[in-house]
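Asks: Take a look at this one; I'll ask things after.
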Amino acid sequence: MGDMQDHEKVLEIPDRDSEEELEHVIEQIAYRDLDIPVTEMQESEALPTEQTATDYIPTSTSTSHPSSSQVYVELQELMMDQRNQELQWVEAAHWIGLEENLREDGVWGRPHLSYLTFWSLLELQKVFSKGTFLLDLAETSLAGVANKLLDSFIYEDQIRPQDRDELLRALLLKRSHAEDLKDLEGVKPAVLTRSGAPSEPLLPHQPSLETKLYCAQAEGGSEEPSPSGILKIPPNSETTLVLVGRASFLVKPVLGFVRLKEAVPLEDLVLPEPVSFLLVLLGPEAPHIDYTQLGRAAATLMTERVFRVTASLAQSRGELLSSLDSFLDCSLVLPPTEAPSEKALLNLVPVQKELLRKRYLPRPAKPDPNLYEALDGGKEGPGDEDDPLRRTGRIFGGLIRDIRRRYPYYLSDITDALSPQVLAAVIFIYFAALSPAVTFGGLLGEKTRNLMGVSELLISTAVQGILFALLGAQPLLVLGFSGPLLVFEEAFYSFCESNNLEYIVGRAWIGFWLILLVVLVVAFEGSFLVQYISRYTQEIFSFLISLIFIYETFSKLIKIFQDYPLQESYAPVVMKPKPQGPVPNTALLSLVLMVGTFLLAMMLRKFKNSTYFPGKLRRVIGDFGVPISILIMVLVDTFIKNTYTQKLSVPDGLKVSNSSARGWVIHPLGLYNHFPKWMMFASVLPALLVFILIFLESQITTLIVSKPERKMIKGSGFHLDLLLVVGMGGVAALFGMPWLSATTVRSVTHANALTVMGKASGPGAAAQIQEVKEQRISGLLVSVLVGLSILMEPILSRIPLAVLFGIFLYMGITSLSGIQLFDRILLLFKPPKYHPDVPFVKRVKTWRMHLFTGIQIICLAVLWVVKSTPASLALPFVLILTVPLRRLLLPLIFRELELQCLDGDDAKVTFDEAEGLDEYDEVPMPV
């Protein structure tokens, strides 16, 4: 600990993920990205430093400019080859987002965030202020650059003329890289003498604390070294070469900063990438200067994107020095105290983000005159033309725009499917769509006495899915039955039973009204209303459905225990399709099957992102977790032959679930009794409620799938997709089949399965999205396979209902994962010191956060009461009332900043493997 008190460290956090998260927040407060054209860049404030005669002034604008390309920085140090006793430049470290150091055995250490010592930054500032700067140097070789730089050194009295030749030979020495060190006996820092022969340092070399830390970090805390990041460097990377060496005949440290006019490949560099910047740091051996750390400080500076932009555009030394000062202002100093815990260090990250926020804010600029035109409505914003929710003011204008935007890609929607990844996605999504279809089909049959069941749901999913894949604007959406629709079907069936109405005929009239409603909404471009549905309403909706799932699961289990109670003795049992009276072990086995299915599905879900087995195997097992769980528990039930369990009712072939009660075509005037005329017109009310549910799920799902972070290029169509989904549902009701909606989790899973990830831009960096296979074939094939599954009656009929209850419970529990409301409810029972470090905790007072949570809980309770009464049909209408509540009432109670933290969309699109995280955590919507 004593050594730590001799130095202060600077904590640098150039984390790409942190920067991206910060940019997302800063966009809300007029953040301007730094990757902008040169013409829009505001001139930096130059220090009042006069240009010297030797500053290389560019005669034309540099072609080097800030771009979105990745940066690669390489640090080479002058070393002594122990075997051949000759000097050479050795690659000591490189930066590809993160820092990677070369170990003594010639193997790269693990990538890590750069840390810098306080004195190294002070020394860097000192040498920068007296350095030589050559901007837009028109040289294409290392020798040419070295000659120009040494001439400038002499002109500015940085070095003596007699030192020129020695330094020139040194700069052009042989270069070695990681693979070359394996053939050497070792290297060590060397000091260049006047004769050109290396010498040992004049003073005994005692590694300083920062060098020890550097070596320890290079060796890594783990025994497993990192492979070289060379192959992971993206093409067209902006490359910087930093050279650090010791020369005993120099009087003082000298720095040369070179910006090439054209980025060109230089010989002897580890990569054939064009070099844009060259930094040379040379100086005499001194006990207070560690040139390795000085070089690391310079290299880290060149990886920082704000300084890199300035370095690309600077026209004078003053601008670079000003940017360096700004870099130092954003650096945190860790005082020499006792070693803190890791948790304490994490508290520094928000402080660093705040410093970065201020650094990224643009300087005040003159108002753009075009801004006033845009505010007056005279000119559209740059992205308005492509906004699918922008209203045109014409009848069916949005629908026509969707067709014109999306259908020109129709041919590519076919050709883009010629990829093995699409075939793999078809297999995966088939099981992801089949499992809930069978589960909801079985439960729907239970709720409606088999007036609709598995066969109707499978056929409806297949037919509507095929049509949507062929005609939809966003074919990556997966249509299916969902929890909210199941709740409505149960409520409407109860309503019809209590009023002596034919349920299946009433659905047909609802279908008529659905078609009329969707035509009117699409005609007047009503899809724009989805923008007013915030996370507040989505989470109440999702939480309610999750509670219903969980409640229904245990309600069904209790009913099984009531039908087959546990008794001390039983009469002899004759196994029949459905025995009458109590049966031994039926209730207990049903409990085991339900709990076993739930636990297996949860375990396999977590296993997907665990650290066991190779990643591909984990993902396969995790992605097929639900069907695997069903299969295992069906086998368990099959092997237990002497205990009865209620099975899924599936008709043989293309038959309706209850052929004695209905056929495939529903007569709108009534099947067995005359359907009352008043109900034909009154059906518009339940039709409106169904429309609200489908509108909410489908439009919000389209918003989530079409997020800009997913980098889809073909666009989407809210109006066209809504017309298809609701219209097909209305027609399906005439055939006694369920209406469907776009399902959020399944659609996000489909999009993820078709996303092609590029190689990571650097060691430790996250892989970037390369493209998304936007095509129609995967959805088409999945729908066909779901339709063919109706022929699997011998297999489906062996599934116990208790297994489906386990899947129902699984869907209810997992749906809570991405709901911030659930997290805030848990915080009600935690002391504030244990609250997480998230915006809605940090920026909002605890009691006001709990007040917001309480209001949501009250809304949730009201919805639950409505659902539990005969007025349960009105549930969607009561739900939609939370939208004006959020828009009109809550702003009177909470400040805008508080609402942004509590009701902001902070869900991120991520493809990184993180333990316990998947698609459920990304979407605050019901399954």
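Positions of Cβ are set from backbone N, Cα and C atoms, glycine also.
Dumping what Swiss-Prot says about this protein:
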type: MOD_RES; residues: Tyr31; note: phosphotyrosine
type: MOD_RES; residues: Tyr56; note: phosphotyrosine
type: REGION; residues: 69-303; note: region 'Globular'
type: REGION; residues: 190-199; note: region 'Interaction with ANK1'
type: REGION; residues: 317-370; note: region 'Dimerization arm'
type: REGION; residues: 367-390; note: region 'Disordered'
type: MOD_RES; residues: Tyr372; note: phosphotyrosine
type: TRANSMEM; residues: 421-444; note: transmembrane segment
type: TRANSMEM; residues: 453-473; note: transmembrane segment
type: TRANSMEM; residues: 477-493; note: transmembrane segment
type: TRANSMEM; residues: 503-523; note: transmembrane segment
type: TRANSMEM; residues: 536-558; note: transmembrane segment
type: TRANSMEM; residues: 587-607; note: transmembrane segment
type: TRANSMEM; residues: 619-639; note: transmembrane segment
type: CARBOHYD; residues: Asn658; note: N-linked glycosylation site
type: TRANSMEM; residues: 680-700; note: transmembrane segment
type: TRANSMEM; residues: 717-735; note: transmembrane segment
type: TRANSMEM; residues: 736-753; note: transmembrane segment
type: TRANSMEM; residues: 777-797; note: transmembrane segment
type: TRANSMEM; residues: 798-816; note: transmembrane segment
type: INTRAMEM; residues: 855-885; note: intramembrane segment
type: LIPID; residues: Cys859; note: S-palmitoyl cysteine
type: MOD_RES; residues: Tyr920; note: phosphotyrosine
Asks: Which chain-mates of the residue listed as 'S-palmitoyl cysteine' that are at least 6 residues away have a CB under 8 A from its CB, listed by sequence?
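Replies: Ile540, Thr882, Leu885 - these are the non-local Cβ neighbours of the residue listed as 'S-palmitoyl cysteine', listed in sequence order.
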Asks: Can the transmembrane segment (421-444) be said to touch the transmembrane segment (619-639) if we require at least 3 CB pairs below 8 Å and skip pairs under 6 apart in sequence?
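Replies: Yes, these stretches are in contact.
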Asks: Which of 619-639, 680-700, 717-735, 736-753 shares the most C-beta pairs under 8 angstroms with the transmembrane segment (477-493)?
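Replies: Answer, by Cβ pair count: 736-753.
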Asks: Tell me which residues of the chain lie with their Cβ under 8 angstroms from that of the residue listed as 'N-linked glycosylation site', as long as they are six or more apart in sequence?
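Replies: The residue listed as 'N-linked glycosylation site' has long-range Cβ partners Arg449, Asn450, Leu451, Gly453.
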Asks: Could you name the stretch, out of 453-473, 503-523, 536-558, 619-639, with the greatest number of CB pairs under 8 A to the transmembrane segment (717-735)?
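Replies: Top-ranked stretch among 453-473, 503-523, 536-558, 619-639: 503-523.
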Asks: Would you kindly list the residues that approach the transmembrane segment (453-473) from elsewhere in its chain, counting only those six or more residues past its ends and only Cβ-Cβ distances under 8 Å?
Replies: 402-403, 405-406, 433, 437-438, 440-442, 444-445, 479-481, 648-651, 654-658, 715-718, 720-721, 724-725, 728-729, 732, 736-740, 776-777, 779-780, 782-784, 786-790, 796
Asks: Which one of these stretches, 536-558, 619-639, 680-700, 736-753, has the most C-beta pairs shorter than 8 Å to the transmembrane segment (503-523)?
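Replies: Answer is 680-700, with the largest number of Cβ pairs below 8 Å.
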Asks: Helix, strand or coil for the residue listed as 'S-palmitoyl cysteine'? Use DSSP.
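Replies: Once the DSSP labels are grouped into three classes, the residue listed as 'S-palmitoyl cysteine' ends up as helix.
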Asks: In DSSP terms, helix, strand or coil for Asn658 (N-linked glycosylation site)?
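Replies: In three-state terms, Asn658 (N-linked glycosylation site) counts as coil.
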